[in-house]
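Report on one structure; see the data block that follows.
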Amino acid sequence: MQKYISEARLLLALAIPVILAQIAQTAMGFVDTVMAGGYSATDMAAVAIGTSIWLPAILFGHGLLLALTPVIAQLNGSGRRERIAHQVRQGFWLAGFVSVLIMLVLWNAGYIIRSMENIDPALADKAVGYLRALLWGAPGYLFFQVARNQCEGLAKTKPGMVMGFIGLLVNIPVNYIFIYGHFGMPELGGVGCGVATAAVYWVMFLAMVSYIKRARSMRDIRNEKGTAKPDPAVMKRLIQLGLPIALALFFEVTLFAVVALLVSPLGIVDVAGHQIALNFSSLMFVLPMSLAAAVTIRVGYRLGQGSTLDAQTAARTGLMVGVCMATLTAIFTVSLREQIALLYNDNPEVVTLAAHLMLLAAVYQISDSIQVIGSGILRGYKDTRSIFYITFTAYWVLGLPSGYILALTDLVVEPMGPAGFWIGFIIGLTSAAIMMMLRMRYLQRLPSAIILQRASR
């Protein structure tokens with residue numbers, strides 16, 4: 001029992017800074033929405049539309065680079081720190097290539113926005129302008145993620161937290177300058193949010209690089225000489241590890257986007273109630289997602305040390321802590337669901353529906369916690385391909401079709417509206433959680449030599 005308590009302390013020490021960093025990132029989005037809304041409703045809507053296209057694109061790149069964390073953690077655990085600098089350099093090359101692709105996609109996203117049914121031309125122009133300003137931040141964001149993943153792979157999660165809050169503090173005044181046109185800058189409205197956010201991502205990257213250059217704990221990595229040229233073999237391995245994670249993230253984001261589109265014809269009350277429950281669940285999701293990042297680090301580090309039993313301990317501890325957290329957030333959600341809904345909207349019908357959906361959200365949180373931590377464990381084992389297959393099957397083969405049938409058809413019961421989609425979420429996430437646990441169990445039952453060989457690739 002003592003080893004699990006010790007491991008839980010280590011996991012929480014890693015996870016808490018990640019949680020705070022994620023809160024800072026979420027707050028940046030909130031600040032953009034509020035400040036754009038303060039300028040005009042059209043500008044706020046433009047930021048929302050632009051963000052809905054930006055997120056799937058940038059999260060794809062983000063997921064691809066997550067492969068660095070277990071790679072660096074495993075090298076650190078095995079004492080092969082001299083190889084870390086080369087992996088990081090290749091991570092920067094990969095981030096640069098992906099940035100160019102993302103920027104090209106976002107530059108041409110105007111075709112998607114203008115093809116939306118009945119969209120106001122002025123709104124479309126502002127949304128396109130916002131995206132074309134924001135896309136210049138894509139390299140800064142992805143370079144920052146490479147540097148952050150280097151730190152986190154070395155079990156240094158506090159720098160990412162600090163840079164997140166630096167970004168938030170810079171974002172507010174820079175937003176103000178570019179939205180309203182102060183200090184000689186043009187008045188850009190919602191487009192100014194894109195300019196500010198792009199600038200902030202570069203500030204965060206440069207601040208992180210400054211930290212890495214000064215950190216004593218990374219002196220040996222910093223001083224390691226090696227080629228700065230692209231290494232096709234290393235980049236291919238990073239892509240092999242990262243692409244399944246990127247696709248899994250992409251399918252998860254697009255699932256919720258598709259459900260939002262399917263709910264939209266049901267009416268304002270249904271859309272608002274669904275959005276409230278989803279937004280609050282997203283806030284609660286920060287906890288298990290951050291714990292999953294910590295579990296990836298610990299499992300990768302233990303495998304690097306050559307201890308499959310300690311890796312199992314880290315995995316099991318992460319799951320136990322995650323279930324405890326999810327149980328607490330579920331109890332909190334059920335107990336205060338009406339009060340939470342009232343924070344978003346005071347329409348009685350909306351509050352009633354949102355409170356009802358939050359009962360389902362409470363169940364959803366437990367399944368979600370298990371599956372996201374399971375995904376973190378598999379990343380630690382470098383078993384990322386299975387994450388993609390599990391996620392795709394659970395969300396798009398089981399979750400979405402069952403949600404659609406329950407919500408909008410009478411094949412099983414009378415159409416349930418948004419509640420049907422939430423039951424679909426539960427079916428999908430519970431299926432993912434079960435499959436993740438079965439895969440983890442299979443991996444952990446392999447001979448130690450095979451586990452360590454797979455982890456060292």
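Note: Cβ is positioned from N, Cα and C throughout, glycine not excepted.
Feature annotations, reproduced from Swiss-Prot:
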- 1-10: topological domain 'Cytoplasmic' (TOPO_DOM)
- 11-31: transmembrane segment (TRANSMEM)
- 32-52: topological domain 'Extracellular' (TOPO_DOM)
- 53-73: transmembrane segment (TRANSMEM)
- 93-113: transmembrane segment (TRANSMEM)
- 114-126: topological domain 'Extracellular' (TOPO_DOM)
- 127-147: transmembrane segment (TRANSMEM)
- 148-159: topological domain 'Cytoplasmic' (TOPO_DOM)
- 160-180: transmembrane segment (TRANSMEM)
- 181-188: topological domain 'Extracellular' (TOPO_DOM)
- 189-209: transmembrane segment (TRANSMEM)
- 210-242: topological domain 'Cytoplasmic' (TOPO_DOM)
- 243-263: transmembrane segment (TRANSMEM)
- 264-275: topological domain 'Extracellular' (TOPO_DOM)
- 276-296: transmembrane segment (TRANSMEM)
- 297-313: topological domain 'Cytoplasmic' (TOPO_DOM)
- 314-334: transmembrane segment (TRANSMEM)
- 335-349: topological domain 'Extracellular' (TOPO_DOM)
- 350-370: transmembrane segment (TRANSMEM)
- 371-386: topological domain 'Cytoplasmic' (TOPO_DOM)
- 387-407: transmembrane segment (TRANSMEM)
- 408-417: topological domain 'Extracellular' (TOPO_DOM)
- 418-438: transmembrane segment (TRANSMEM)
- 439-457: topological domain 'Cytoplasmic' (TOPO_DOM)
Overall pLDDT of the topological domain 'Cytoplasmic' (1-10), taken as the mean:
84
With pairs restricted to those 6 or more apart in sequence, evaluate whether the transmembrane segment (350-370) and the transmembrane segment (11-31) have 3+ C-beta pairs under 8 Å.
no
Please figure out which one of 53-73, 127-147, 160-180, 276-296, 314-334 racks up the most CB pairs under 8 Å against the transmembrane segment (11-31).
160-180
With pairs restricted to those 6 or more apart in sequence, evaluate whether the transmembrane segment (127-147) and the transmembrane segment (53-73) have 3+ C-beta pairs under 8 Å.
yes
The transmembrane segment (243-263) and the transmembrane segment (418-438): do they have three or more Cβ pairs under 8 Å, with pairs 6 or more apart in sequence?
yes
Residues sitting near the topological domain 'Cytoplasmic' (439-457): Cβ under 8 Å, six or more positions beyond its termini, same chain?
74, 78, 237, 300, 303-304, 306, 308, 311-312, 315, 374, 377-378, 381-383, 386, 390
Spatial neighbours of the transmembrane segment (189-209) far in sequence, C-beta under 8 Å, 6+ residues away:
28, 32, 35-36, 39-40, 42-44, 46-47, 50, 126, 129-138, 140-141, 143-144, 147-148, 151, 159-160, 163-164, 166-167, 170-171, 174-175, 177-181
From the DSSP assignment alone, can you count helix, strand and coil residues within the topological domain 'Cytoplasmic' (371-386)?
13 helix, 0 strand, 3 coil
At a C-beta cut-off of under 8 Å, are there same-chain residues at least 6 beyond the transmembrane segment (276-296) that contact it? List them, or none.
11-12, 14-16, 18-19, 22-23, 26, 69-70, 73, 152, 157, 256, 260, 314-315, 318, 321-322, 325-326, 329, 333, 340-341, 344-345, 350, 354, 357-358, 360-361, 364-365, 368-369, 372-373, 375-377, 379-380, 418, 422
